Ligand SMILES: Nc1ncnc2c1ncn2[C@@H]1O[C@H](COP(=O)(O)OP(=O)(O)OP(=O)(O)O)[C@@H](O)[C@H]1O
Ligand SMILES: Nc1ncnc2c1ncn2[C@@H]1O[C@H](COP(=O)(O)OP(=O)(O)OP(=O)(O)O)[C@@H](O)[C@H]1O
Ligand SMILES: [Mg+2]
Ligand SMILES: [Mg+2]
């Protein structure tokens, strides 16, 4: 049998890199398959993979056999027929074990188009010691008011302790993700049922004002260029009192090798305003197979392996339970070993609390919590994100930023033909 | 100006020059230094200068993640390949412009340079489709073709300015001596222009080595050079300064060392006729 | 063999005619010097003969064969350039061997000829040096060596000595003359220095604005310049040319007297003047005499040392039989 | 005023002593030429005077004032460089105006001096050209113009003519001599061309390896060279120097006879030889005579045209009273 | 040199280069122009249709367009200003005698070899970061508030980073040029009474003008398409403070995969680049012949 070489495009995060180093297990089991890794930073990855998938379509000349895609792309790509459906995964894969919130987002017309590698929501990570010092207590489900109060209490700029670290870097996957989720809890939405942008609404105004308030008063300097990584580094150095961000961060901030505050981290659900929606998102990195791949069968074997229970066990054995890719399988959270992991419970609860189908208080025509699952969103999100970061940098007022966002979005939606 | 330079003045100049030189170099020095620190030490305040536990763990981590040597080799093949092919095309062209100049020569040269102003993002999609259809995607030959075209104007210009310094009489002498056009270029012009050709080669190898747009967008795994290698570090998760530094060091070290060793040569040719 | 004949050869660069049609015959074995002021077309003419430029009109015959359509290499001529045009990356040996290598001569023959040339030109010790390591005169010799080994039917020299300093120039001039005496090959030599022309040539061709003013042996030109231009150009220091009354006295428009044909005296003579600059070389003395009543300053040469200085009054008498007369067109008048 | 005195001036570059301590007096209004072979330290000496190099030892007095610690600009000297050193981006006018602009002279005065200099140097038509658009001689004049307008107490020239061609060199030489006659300002002129030295100087300083070999007027040096070096250096063509039997006959280690002090005859004389190369200039004839039985070839000059050619046998007789005798150290022996 | 044979040969020898570059210019350009007239989004295949000039209208009406134009000019101009003045000063400095000249030259040359991505990453994370960066530490040590460069002066920061990369190039060309100045000219000026500063102004600077033009030309070619530095550090923000034309086209064609719009932007960028080119060529042509 000729050996086939799979070219796998992955994002450069810790879990994916771990998979790369453990992939010898897979090739040992499948001697006919060689793996070729292309690891790229998220933006570059998305751009490269999209160009490739979109230009090759269904013709058999895609450069990648397995691509790492997010929950944003999967429904769009599946709709274009760019991904191979994964209905025929082996029985031991146990599709039904996947968390429904995640699985729903990857299923279009009843067909699964990508296998989740890990899933995440967002939650509050906080410093127990600082909360204690401030004389406050963090409930499991805090409100935004409490967050504001705690942030104010914990801030000690002279000692470089900042009450709250939030994303400020422009980008639809960066500040826009956070703000969209936050806006949901404030009762805001991107579009109304007629796709009219809603940035001129009161809830958005409140969202942005509160956000700016928090970050400028209690956040670290340079917040306008902080993304996930920058904040992670800050938190690990003990410079953040609270950090509202992806649940996957939990394993990093509790890892004593990297974090100076590993034993002081507490977790809580993302805050709410009592409107029935919390400010948390839902995201999963998944593995999909481009329709243009020349090695669909081998690719399926790999995808099944990399997202299987077996792989989870392999990681647990090699790296410990805390490093298992989280958020994809019910069975993981049923595992008593895993329940010992401090953030396991809160991660699961956060994921369960997100509802991509009905993300907002008021009805909307789109799905997706912190994004809008339409192709135009990447571009719009980037433009809106730039406005929000400009507001944070003090270049424009909140009012002005929202007004610009409204205009830009209207413009793009008009061009895309949403209003005839 | 050959008047006595007082040792005092020389000492002062030495201090100033070294300070400025070290300041300019500092970012690179710091990167290299950081690559030997642990992640925690990399972000320590105040910064640690020399007193820390030197470690190679970041290099190990980087190597584990991606096959450095393959990227390295791709970079070598692509940058040298494109430059050499460029030279082969450019030498005759520069010969013609330098020794048989016409009214249009200058215009042609300027037009050639202006093709370098083509913004790559604007034409990525068309070229991507073109490459896909010709099977050049993710091949070293594909990249060599692109980089040859990108660098050709600079190569021609550099050679042209170099050739112009060579007295035409020598080529005429060769012609009188019975040399054909081919032997004239092969045995007389090219060897005489070796210093110029060498610096052209160097500069264009450096430019190709650092070219990040096309090399990133037209490769996947097989032909990916070091620019793609570094692209996977532009924002990994968690503390990453040390690993980033290690990867950066590995990406720039080869060309830095090559550049340093040949700097005399490089600098000498880096004048584009600006110096007569 | 090396007989070169130009028939109606002309050269235009675009609109400007640099060389109007001209005819010229160069005999086998002759040493011909093209001389003329800068820009008069000497180099162009030489390059036309070499084939480095295309003629605009006319034919060039080499040994009776029409060479006009031939490439430079095919004409069997060798050229020595003003800048020497040595190949800087090759050793002296390789430089000299280059034309033979191009012609595909076998190694043994190449070696033989290189050794001969090196011996003749005193280059044996330098064969393995690069041109950059040689002095100006040595480089000049290498250039000549490279020409010799081809055993050409004629040598072309374009101001080969103008880059050398005065002392070396005299030496190299002698060497080239000796070479010609030995080889007896046709040589065409371009210079704008009339001393070089006088000392080296069998035949001088005086060019002026692309036209041939006179062709003849050095002494012919010295004694019987055909017109004012040649009279002024040949001889050093320049012939004194007078117009006006002084000339009319001899029934001519212009008369000329060479500085060496004027005798001086502190107290009597034909013309009187005041010494402007005097140059005392020991062997000779030159006076540049002003306020003579003639329109022009007069240059006079006296043998040995003459004790007259700047500002002194001087009397001058031309040798009557050495006076040249020219008509209104500047052409020589019969004596 | 421009009296320049060097007292024990020496120059070392690192370890090597280029100029051993020397004394020299230059009178006001004198035209002094430094002459010597290449590398003998002429330029260095001039630059020491100009202040462009620091002396290693000794003092330089200008008009009796110690100028050693002064900057070049303060010494009141003007220099004309070998490469002209014109400012290529300025027009001729601006070039000439530059020193006055630096000195802050008012516009009207600047204009006046520029016009005067331009008239004197025949540059009026070129004032608005760039140096790149001028011929070599014109550039030279601009450089002189730039020096003149400063009205310096002395002019320093460093081989100002060596980049010009032979004909132009003669012309410029005269112009500079005339300038000196007119301005009567001290001029120090460096050259390695002994003809220039002889024709221009009031006083020649012959340098050899940094040492002064002889100081004197041109004719003094011509007639009584103090040693073999000066004897061989001054005079053109070079003095014939003989050692061996020919010298011993006169009780000397070396004797010297100038080419113009040897008479020739086709049938009788003191020495016999065969003509190698003969140069017929019309005004003079030079013979390079070989196979003389003397160790060296002999150069002979005959006036006018002498009908002897390559290969002819010739007899030569030196003028006994013009024979120079030198001892084993090369120093002149009393007559 | 000017025989018919050599002219024919010359035409033959130059043609491969000309043909290749013509193809390189025309083929993608023609495709780009063609695409720019289509409604064509990669994410919505099969919907390509003729759009006329709509893409252009849309591109020009983009509120970010003007600021991108201004930013492009500021970026190019700023880097040129810094690298040329810095280069002249560096050249003056390196031309002075001091101990270890060769080594300092190596130090100064080094940034030229660094990949743009790497340099942007290093500057952003290890220097300009307001919490962990070296600058922040310096400011704090000096008792000042750390400056958040990429937020407070984003364009200036990028100009700084890019200037750092191009300073060596300018320094070295200018140094070579400076060393080619005939020392007799400086001596003449000194004799003429010009003090150091005036010698610099009247002699050295005019001598460098040709080299400066060349530096400007070459750098402009590369600076017009600065991209990696922006992508890595600020992503074009905050707001559109660091979005240049290249980045704008990137956002439109590669983030939105709107090939039609991106191509229109590409065509506009090409036209603008050529305007700059023509302007530069004029200047160069004049200066190079002199
Ligand atoms: N390629 C050319 N194009 C146009 N004109 C030219 C060309 N080459 C020479 N000329 C012109 O032809 C004339 C003769 O030039 P040529 O070089 O033959 O002069 P020359 O007698 O050799 O002068 P010199 O003594 O200065 O070398 C000059 O006026 C020159 O400007
Ligand atoms: N800056 C310097 N450092 C070391 N040696 C030098 C320097 N300048 C000159 N010399 C040496 O000093 C000696 C005299 O040089 P100088 O330039 O004065 O000679 P010159 O008589 O002017 O020669 P030329 O006729 O070739 O111009 C030479 O041997 C030269 O090598
Ligand atoms: Mg010529
Ligand atoms: Mg000198």
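Cβ coordinates come from backbone N, Cα and C, glycine included.
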* State the residue range annotated as transmembrane segment by TrEMBL; the candidates are E:106-123, E:124-141. => E:106-123
* Which of E:12-37, E:68-94, E:106-123, E:153-175, E:208-228 contacts the transmembrane segment (E:259-281) most, counting Cβ pairs under 8 Å -> E:12-37
* Asked: Can you name the far-off residues of the same chain, 6+ from the ends of the transmembrane segment (E:153-175), with a Cβ under 8 Å from a Cβ of it?
  -> 71, 74-75, 78-79, 82-84, 86-88, 90-91, 94-95, 108-112, 114, 116, 119-120, 123, 128, 147, 208, 211-212, 214-215, 218-219, 222-223, 226, 229-230, 233-234, 237-238, 241-242
* Structure fact -> Beyond a gap of at least 6 residues from its ends, the CB atoms lying under 8 Å from the transmembrane segment (E:68-94) belong to 101, 104-105, 108, 155-156, 158-160, 162-163, 166-167, 169-171, 173-175, 177-178, 200, 204-205, 208, 212, 215-216, 219-220, 223-224, 226, 240-248, 272, 276
* Structure fact -> Long-range Cβ contacts under 8 Å made by the transmembrane segment (E:12-37), restricted to residues 6 or more beyond its ends, are 50-53, 55-56, 259-260, 263-264, 266-267, 270
* Asked: Near the transmembrane segment (E:208-228), which same-chain residues lie under 8 Å Cβ to Cβ, leaving out any that are not at least 6 residues past its ends?
  -> 72, 75-76, 79-80, 83-84, 87-88, 91, 115-117, 120, 158, 162, 166, 169-170, 173-174, 176-178, 244-247, 250, 273, 276, 280, 283-284, 287-288, 290
